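TrEMBL has this to say about the protein:
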TRANSMEM  51-71  transmembrane segment
TRANSMEM  102-120  transmembrane segment
TRANSMEM  126-147  transmembrane segment
TRANSMEM  207-226  transmembrane segment
TRANSMEM  267-285  transmembrane segment
TRANSMEM  291-310  transmembrane segment
TRANSMEM  322-342  transmembrane segment
TRANSMEM  362-393  transmembrane segment
TRANSMEM  405-426  transmembrane segment
TRANSMEM  493-509  transmembrane segment
TRANSMEM  521-541  transmembrane segment
TRANSMEM  566-585  transmembrane segment
Amino acid sequence: MNNEANQHSKNFSKSIISNWFYYFLSAYTMYALFTLFTIDSNNLYFHLARPYEFSMVCLSVLALAFGCYFMNRFIPISPFELASICLSVYMISVCLKAPSPLIIVGFLVISIMIFTKLLFEKSMFAIFIGISFIIIMIKGIFLHDVNGEALQKFNYAITEKELALKKGLLIGLYLSIFTAGILLILQRTQFLNKLNNKIKIEAALKIFVIVMLILITSYTSIIMIGKELVMGFATYDKGLFTQMFESMRQGRGPMTSLERDQWMSHFHVHISPIFYLMLPFYILWPKPETLELLQVLVTMSGIIPLYFILKHFQFNKVIQSLFLLLFIVTPTLSSSHLYGLHENCFLTPLLLWLILENLKGWTYRLIIILGFTLLIKEDIMIYIIAIGLYFTFQKQFDMSSKRTLFTVLTQIIVPIGYFAICMYYLNTFGDGSMTTRFTNFMLPGQTGLKDVIINIFTNPTYFFSALFTFNKIKYIVTLLSMYVLLPLIQKHWISYILLLPMLVINLLSDFPYQADFGFQYHYGSTALLLFMTILAVNTLAKNRDSINEQHEKQQFVLMTNGHRKIILLLTCACIMSASIFFTLMHPSTYGIKAYAKQSTYFKEKKQTLKSLPQNKKILAYGFYTTQLAQNKYLYDLDYHNDKKIDTNIEYVVVPRALSTDGSAQSQLIAQYMKHGYKEYHLSTPEILILKR
């Protein structure tokens, strides 16, 4: 009786919080709509401005929220429906004024999210979003008013890389449609059930998943090791980490001279003690290739917590196998390796473990996993907070008030406190926090994250216009395509909070690499998108057609009953992901191919570099630093001393071709030669070594 009362009280409290969230969302949308008609278009789409004082905006939104509350007492409309109407009007208004179709594509994605939620709520107000969707599409088709600034900010620079990605997406789409058609035909002919009686499709799928895990892990590892063998990684982000691991192996701690052009701890830039988990393996095999192999294995280990998460949701074996296969071929988990080594690779398994601990209601194990997750990096708190907020306010899984309080403490308060301590340490003793990534949301003279938040809050339309540029829309479309839009299909609004890290880490900044699949910023966002896909499938599974109990004994009958749509969607997701995976990864096979043809050539180059005297001050070409990482005083040619001559340098090591190509580097090399640096006897036809 007491438990029922406590649960009722908890649900009542959540309902109040939910209603007031929608009141404030409606109020803020009204403010955004007001700015749309009172601010010049240049300040809405092209140039950041703070149109009104932050305090005035807060008071206005507060007053409007209370106005919505009192209006709700006289007009029979739910807070969520009111918010949906306000958002519809705002989206239509923004898109009608939009200078670029990219903004329209972005709002189409948002409208799908809201429309899906309204459909699950069976609300008649879904029609408003539907109308918004149609109007936005019409506007996009007939958009032609593009001025010079729009061309600059929302440009369509199609490179060979973009064309290859487009080809991969189209191949995946065509194969998905073809496969879906074949499966539908086979389901109707009962062929799959007959086939299952002969070969047991579930068992075959399980074997296929294991084989694919081995093949994809091996394929990715070979690509990464191949790049290393041909010296395909530069200082950032491989040379500096190899030097750091050499320092750790020799007992000096995480020291490097490459990261900031001075001998300092990596922990003065990013607080990442998680690297020590890799150190024992590096000590056993102290080679750069070890780090690449470890990174692949760490990421792929996420399949273990994923398996237990799927078991917790009690999906049938076919769906479990398809999800595991989807994880294996998810492109962003492998393409994130391509820029070298990064501590973010631990995000994928640890976030999935953290989600599992929450689902199971475990306490001590969660604290252990939380501790390891915090050790990855200082900005990891955004991922933990997103998970914490989700499990605090979600309605899908039963949680006691005590457990909710525990979640708030461990996954909201603790990460924020840890982040604050890290920021104090970095700003006081280290290299400072990297707020420069968000200068696109800073006005002249502003430097802090507080200013970024205020500027976004007071100018929401500029915020959206900054999210919907070409590279970011390409990023969003590709991510959603690899999961066939399933992350957008959420019954509960709070599920979208799991998109917060992707918004902040990948989309908010204008730093181009954070929305580039070839860099290391996607491990965490991908893990949360995968969990959102699981939530979507769980919702669809609960809404499936009833299954005749007499057919339960037929293991594969689910393909022809309530789960067939889910299995079709997951099959298409696997095909789309695999197509994008090979599109992103195949170009990097050049390394292992080149090494197979010229292994002697690359071995001799490495031997030349390793023959240099130890503990000397060496200035090296960026792609040589990994092989020279055993040296304590090692500097990158492109980043050392503001690209000015430094007579303390004892050796300059560069490709011989670089010294005569007329580049800025060749001019710097010429200056060293003018200052008396002579060619060293270890020089080869490919490598020029100058000695002071």
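Numbering starts at 1 and runs along the chain as displayed.
Note: Cβ is positioned from N, Cα and C throughout, glycine not excepted.
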Interface present between the transmembrane segment (362-393) and the transmembrane segment (405-426) (three or more C-beta pairs under 8 A): yes
Feature contact check the transmembrane segment (102-120) with the transmembrane segment (322-342), CB under 8 Å, 3 or more pairs: no
Remote residues contacting the transmembrane segment (207-226) - C-beta distance under 8 A, at least 6 residues beyond either end: 232, 289, 292-293, 295-297, 300, 303, 321, 324-325, 328-329, 334, 337-338, 581, 585, 588-595
